[in-house]
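Novice: Take this structure, written in structure tokens, and hold onto it; I'll ask about it next.
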Amino acid sequence: MTPQLLGFFDSGLGGLTVLRRVLERHGSVPCVYLGDTARVPYGNRQPDDIRRIAAEVVGWLRDQKVSTVVMACNTTNALARDVADGQAGAPVIGLIGAAAAMVETRRVGVLATPATVASSAYRASIEALHPGSMVIEQACPAFVPLIESGDMNSDDLRRAAQAYLEPLLAASVESIVLGCTHYPLLVPLLRQLLPESVQIIDPAIGVARQLDAVLRSPGPISAVPRPFSLESCRFCVTADPDGFAMRATPWLGQRPDVSLQLLPD
């Protein structure tokens with residue numbers, strides 16, 4: 001096992017929001033990122049399929065001898081956390097518990113994929129930590145395909161956001177959890193559509209904090225995002241590496257080198 005080699009995985013671009021939060025907090029740490037772009041999105045798949053995919057992806061990260069697996073994908077975290085724990089051969093850090101720990105209000109909305117919503121994983125985690133909370137989960141099937149297309153200013157994306165937020169606003173939620181790692185890219189749009197008083201919770205921030213003890217960064221950890229380089233990061237995808245690199249550039253602020261990695265189908 002390589003010391004402090006973090007392994008991240010997601011169905012595509014979304015997990016880069018988690019990676020970026022970690023790098024901004026801890027600097028340029030060695031990591032491997034696997035985007036399963038051949039099978040994106042995960043959130044519209046059946047639970048058994050998601051669990052099978054999680055076993056394959058986490059098994060591949062284990063073979064890379066990572067020291068910690070970061071489930072940078074809410075759908076697999078919701079439906080296959082036990083699979084990841086069994087396959088990783090290393091500690092596993094997920095998003096859902098991190099998000100629940102960040103909740104500070106009683107009326108909570110969750111935007112997530114259909115599979116994550118169907119699992120009720122966010123509701124269970126938030127209610128366990130905050131008894132008496134009202135949790136409303138909203139499935140957002142159109143978000144990931146629209147985000148992966150790369151057009152963050154499309155009318156279709158705005159219309160989808162308005163439709164998905166409507167039941168949460170009707171319930172007067174005080175905070176909204178971004179229950180998919182693609183969704184932080186929607187924060188500028190969501191802020192336009194939400195009252196200023198509604199807090200937006202990005203679970204990736206909680207994951208970056210959980211890694212404090214793992215990485216043991218020297219000196220105090222600044223709350224201000226620090227500059228980082230991608231030189232110590234290896235990026236792999238299961239389809240279209242050039243397209244992924246192009247679409248990932250605005251997410252990371254720099255273009256990653258991306259290689260093709262085939263997995264069992």
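The backbone N, Cα and C atoms fix where each Cβ goes, glycine too.
Okay, so Swiss-Prot annotates it like this:
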ACT_SITE  Cys73  active site, proton donor/acceptor
ACT_SITE  Cys180  active site, proton donor/acceptor
BINDING   Asp10, Ser11, Tyr42, Gly43, Asn74, Thr75, Thr181, His182  substrate binding site
Novice: According to DSSP, does Asp10 (substrate binding site) sit in a helix, a strand, or coil?
Specialist: strand
Novice: Taking the residues the record says bind substrate (Asp10, Ser11, Tyr42, Gly43, Asn74, Thr75, Thr181, His182), how far apart in Å are the two Cα atoms that sit farthest from each other?
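Specialist: Between the outermost Cα atoms of Asp10, Ser11, Tyr42, Gly43, Asn74, Thr75, Thr181, His182, the distance is 12 Å.
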Novice: With an 8 Å cut-off on Cβ-Cβ distance and a minimum sequence separation of at least 6, pull the same-chain contacts of Tyr42 (substrate binding site), or say none.
Specialist: Ser11, Asp36, Ile50, Ile53, Cys73, Thr75, Thr76, Thr113, Ala115
Novice: Roughly how many angstrom lie between the C-alpha atoms of Asp10 (substrate binding site) and Cys180 (active site, proton donor/acceptor)?
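Specialist: Answer for this pair: 10 Å between alpha carbons.
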Novice: Using the recorded substrate site (Asp10, Ser11, Tyr42, Gly43, Asn74, Thr75, Thr181, His182) as reference, state which further residues of the same chain have their Cβ within 8 Å of the centre of those residues' Cβ atoms, listed in sequence order.
Specialist: Gly12, Gly14, Gly15, Pro41, Cys73, Thr76, Thr113, Thr116, Val144, Cys180
Novice: Hey, how far is Cys180 (active site, proton donor/acceptor) from Asn74 (substrate binding site), Cα to Cα, in Å?
Specialist: 5
Novice: Taking every protein chain in this structure into account, which of the active-site residues Cys73, Cys180 has the most other Cβ atoms within 10 Å of its Cβ?
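Specialist: Of Cys73, Cys180, the one with the most crowded Cβ is Cys73.
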Novice: Count the Cβ atoms, other than its own, that fall within 10 Å of the Cβ of Asp10 (substrate binding site), considering every protein chain shown.
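Specialist: A 10 Å sphere around the Cβ of Asp10 (substrate binding site) contains 29 other Cβ atoms.
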